[in-house]
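A.B. asks: Let me give you the structure first, and then I'll get to my questions.
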Amino acid sequence: MDIVLFVFIILVASILQTSTGFGFSILATPFLLLLFQPAEAIQINLVLSLVISAALIAKIRKDIDYGILKRLVIGSAAGLPAGIIVFSLIDIDALKLGVSLIILALTALLMLKFRIRQNRGRDLAVGGLSGSLTTSIGMPGPPLLLYFSGTDTQKAKLRGTTLAFYLFIYSLSLIIQVTVAGTSKTVWMSSGIALPLVFAGLFIGQRLFNVINQRVFQIFTYIILIFTGVYMLIESL
């Protein structure tokens, strides 16, 4: 049963991440925590997320908005240490509760067609928020997804810029994780076993990305955001 669950989790999460640029962490992490110790589950998630981003980077590089990417990275450099401070000072459940309510409220606004304009200052701020959420609760995606959805970013640009940013943020997070918490043989063996599933997910996810239109893509993003908000809300209670 455990191996069936593992196969299902990794395959579906890989398809979702490849086709939308989001979703692997929020979909895979809760289930990986049922099978592994917390540090191992987080590191497996980081390793496989990195593999997906690295495997796609050559294909998506033409879709990356390098100006936005640069500002996201600069912002995250300030956000990463801020997240560590927040994590050490604030009750993690209270933090998750607050973040989940914000995600759900903003998602509701987006579904009601509330839109914002993209600019340099907001790029930096979103990068900072993403960095701080990476080191505090291990989820860099929600600020990016909310921001790009709110600015009506085209699906190719959204996916390309996000996956390129993940390549940076997850690499740094994995280094911090291994340095601070150490690692284990289980992490690397399980990641190795998962690689064929990840590559299958890459193949299927890329095909899906090519056929879904902008409207369907937007619906997918709302579903991911709602799932994220509800999951974090339940986790915080």
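Glycine is treated like the rest: Cβ placed from N, Cα and C.
Taken from TrEMBL, the feature transmembrane segment covers 42-60, 72-90, 96-114, 163-181, 187-204, 216-234.
How buried are these features, and what lies next to them?
C.D. replies: Within the chain carrying the transmembrane segment (42-60), a Cβ under 8 angstroms from the stretch's Cβ atoms is held by residues 10, 14, 17-18, 24-25, 28-29, 32, 36, 138, 156, 159-160, 163-164, 166-167, 170-171, 173-174, 177-178, 181, 183, 187-188, 190-191, 194-195, 198-199, 201-202, 206, all 6 or more beyond its ends.
Away from its own ends, the transmembrane segment (216-234) comes close to residues 16, 19-20, 22-23, 26-27, 30, 96-97, 99-101, 103-104, 107, 110-111, 137, 139, 141-142, 145-146, 149, 155 of its chain (Cβ-Cβ under 8 Å, at least six residues beyond either end).
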A.B. asks: Please give the sequence-distant neighbours of the transmembrane segment (96-114): residues at least 6 beyond its ends with Cβ less than 8 Å from one of its Cβ atoms.
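C.D. replies: Distant contacts of the transmembrane segment (96-114): 133, 137, 142, 146, 149-150, 222, 225-226, 228-233, 235-237.
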